[in-house]
Amino acid sequence: MKFENILEEIDGFGPYQIFIIVLLCVPRIVLPCHYLLNNFIAALPPHRCDISTLDDGGLFRNWTQQQRLTVSLPLGEDGSFRSCEMFAEPQFQLLVNGSKDFDATTVPCQSGWVYDNSTFTSTLATEWDLVCDRKSLTQTTSSVFFLGVLIGSIASGFLSDRYGRRNILLASYIMATVFSFSSAFANSYVVFAVLRFFTGFGLTGIGVNSVVLSIEWADTDHRSFISVIGSLSWCLGSMLLAPLAYLANDWRNLTMTATAPLGLAILTWWWVPESARWLLAHGKVEKAKFYIDKCAKFNKRGDLSDKIKLESIGNEENKDKNYTYLDLIKTPKMRKLTLLTGIVWYGVASTYYGISLKISGLGLNIYLTHFIYAAIEVPAKLMVYCCLNIVGRRKCQAGTLLLTGLCIAINIFLPQDLWHLRIIIGILGKGLSEAAFTTVYLYTTELYPTVVRQNGLGYCSVMSRLGISVAPLILMLEDFWTPLPQVIICSVAFVSGLVALLLPETLKERLPETIQDVEQKTVLVN
């Protein structure tokens with residue numbers, strides 16, 4: 001008897017499974033709010049040198065603000081005042097001729113900067129003057145955050161397979177909440193960066209465990225539905241971030257607002273069940289029986305104690321065995337699976353973020369542009385749900401990646417004058433890359449066996465973060481040849497799409513429980 005046989009008895013897609021999705025929806029909404037938080041809290045508003053100290057002698061007392069700026073600040077090529085320079089001495093002659101070509105000695109801003117607060121009351125840039133020669137530090141916080149996510153992926157995968165999904169989920173809730181709220185009260189840039197690192201570390205466990213818990217309680221026919229519907233919480237969180245950032249336009253308030261739902265998640269954790277599939281795979285039969293009976297009663301299937309012999313499913317030999325990342329490469333088919341899924345995850349992440357960072361704005365304000373880009377992902381997820389059950393996981397994964405590469409290739413050859421068409425193709429490519437991301441989570445969860453599923457997802461998440469980290473570096477290559485970044489990202493999409501075709505199909509296949517299941521040909525047949 002397999003766990004799928006138990007799900008047939010207790011209803012593998014009933015009120016209990018819906019209840020689990022609802023419980024895990026709130027914390028999953030928080031994820032995009034933090035992953036994309038840097039777009040708002042690290043925004044760089046228009047700024048100029050502060051010249052208020054020049055009025056100490058009373059020389060400018062009766063002058064207008066415009067006159068003070070004219071004699072104190074040089075003009076840029078666009079006719080506006082430069083952001084990072086001021087005249088070494090006031091240039092009074094500019095009040096007479098107003099020449100834009102006037103050449104005088106300039107120096108860096110001596111007394112700080114004045115910021116345009118019309119869009120943001122406060123950001124990291126305005127808080128710690130991260131402008132001009134310190135401008136790169138605003139993006140460094142994002143890199144530090146994703147470094148925490150990367151390391152958290154490794155730790156979360158190992159710990160979840162050893163101590164259970166539910167326990168690590170609670171630890172992730174608490175860790176992310178504490179460090180995120182603490183970061184909102186940081187009094188220095190270094191302290192903030194360190195706290196963001198640990199916030200990313202904690203959030204990783206929420207993302208991976210919530211996905212796996214949902215799928216491990218679902219039957220074969222409804223795994224794709226559970227996965228896609230659950231992933232819509234990412235779109236919801238991303239769309240909510242725009243109005244939240246608009247209403248709480250101070251970076252400290254926005255950070256706390258984006259984190260607040262985790263308080264509710266901690267309270268509802270008590271109702272989140274452990275994965276009975278994981279418990280049985282580790283020989284914890286009595287605990288598995290408790291949750292299975294609970295699921296059966298919730299789904300109105302009665303007491304199944306006398307109908308199912310869980311001892312025939314529980315894997316006693318795994319009871320005291322601790323699996324590690326080394327188990328991913330100890331056997332031939334696991335090695336192949338690990339190699340191929342790593343390449344696919346790298347390609348999916350690098351392509352998605354390469355497109356996201358390259359697509360220009362729609363000529364709208366930052367809030368509306370962010371909302372539109374988030375909303376575009378909803379139809380992409382609904383489309384991929386239909387495809388998953390019709391053409392299968394493998395063809396869907398490969399198809400979305402190959403079509404994404406095709407969109408990038410088309411934009412390489414489209415002239416800049418056809419900007420309307422370029423935007424449409426770019427948005428289509430972004431939607432397809434999001435569909436690839438949605439597919440890869442479900443597909444990978446179905447490929448890895450229960451005993452090392454979290455280790456497998458942890459490893460894949462590391463490859464994903466590697467792809468995210470490399471994407472901005474690829475885009476910098478346009479300084480050497482403008483189309484080069486698109487050529488590289490297009491190539492990555494095509495290669496990872498072709499690699500996906502080498503993976504086995506999992507549509508309507510039982511989830512493998514042990515490594516031995518993976519090594520058996522009957523489990524990994526197409």
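Keep in mind that glycine also has a Cβ here, set from the backbone N, Cα and C atoms.
Here is what TrEMBL records for this protein:
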DOMAIN    89-508  domain 'Major facilitator superfamily (MFS) profile'
TRANSMEM  142-160  transmembrane segment
TRANSMEM  167-186  transmembrane segment
TRANSMEM  192-213  transmembrane segment
TRANSMEM  225-248  transmembrane segment
TRANSMEM  337-355  transmembrane segment
TRANSMEM  367-391  transmembrane segment
TRANSMEM  398-414  transmembrane segment
TRANSMEM  420-444  transmembrane segment
TRANSMEM  456-477  transmembrane segment
TRANSMEM  483-503  transmembrane segment
Dominant neighbour of the transmembrane segment (456-477) in 167-186, 225-248, 337-355, 367-391, 420-444, by Cβ pairs under 8 Å: 337-355
Proximity of the transmembrane segment (225-248) to the transmembrane segment (142-160), 3+ C-beta pairs under 8 angstroms: no
Long-range environment of the transmembrane segment (167-186) - Cβ separation under 8 angstroms, sequence gap at least 6: 27, 30, 34, 156, 159-160, 192, 195-196, 198-199, 201-206, 209-210, 213, 252-253, 255-256, 258-259, 262-263, 265-266, 269, 272
Same-chain residues at least 6 beyond the ends of the transmembrane segment (142-160) whose Cβ lies under 8 Å from its Cβ atoms: 34, 38, 42, 168, 171-172, 193-194, 196-205, 208-209, 212, 324-325, 454-459, 461-462, 464-466, 468-469
Within-chain partners of the transmembrane segment (337-355) [C-beta distance under 8 Å, separation at least 6 from its ends]: 328-329, 397, 401, 404-405, 408, 426, 429-430, 433-434, 436-437, 440, 444, 447-448, 456, 459-461, 463-468, 470-472, 474-475, 485, 489, 492-493, 495-497, 499-500, 502-503, 518
Local confidence of the domain 'Major facilitator superfamily (MFS) profile' (89-508) - pLDDT mean: 84
